[in-house]
Amino acid sequence: MKFSIAAAVVAFAASVAALPPAHDSQFAGNGVGNKGNSNVKFPVPENVTVKQASDKCGDQAQLSCCNKATYAGDTTTVDEGLLSGALSGLIGAGSGAEGLGLFDQCSKLDVAVLIGIQDLVNQKCKQNIACCQNSPSSADGNLIGVGLPCVALGSIL
């Protein structure tokens, strides 16, 4: 009996985790019609250049453009009973609704070498713009190459 309940819970968790992503435009990396992601929590002002943004990140972090952001915050869910809330993290409920931004699928934004070129950072990146800590690790999906800790640029401007 206990084994069948555990097997049912594991099967349900696997089916929820294997669901395809929603086709909603707010979750698209570059938005509908290449107009940017409407789900950017900390937007960067329109007049900020790539050089200004890179200077704000400092020499210990690199300016990055991130396709995916997960926000975890101040909400606390108290679940009671056997297996209550065991799958809430998989379905998007409970703790992790809003707040601290964890960024994924980031690529480095290069500062223009030529003096006089003032590219606006919002033209280079339509997604989440972040300052990611310099590290020799890689964020390629394996467990050893841990993703870099990043902070939204809009939250520190």
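Cβ coordinates are placed from backbone N, Cα and C, and glycine is handled just like the others.
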Among CYS57, CYS106, CYS125, cysteine joined to CYS65 by disulfide in Swiss-Prot: CYS125
Per Swiss-Prot, the disulfide partner of CYS132, chosen from CYS66, CYS150: CYS150
Recorded positions near CYS65 (disulfide bond) (Cα-Cα within 10 Å), from ASN47, CYS57, CYS106, CYS131: CYS106, CYS131
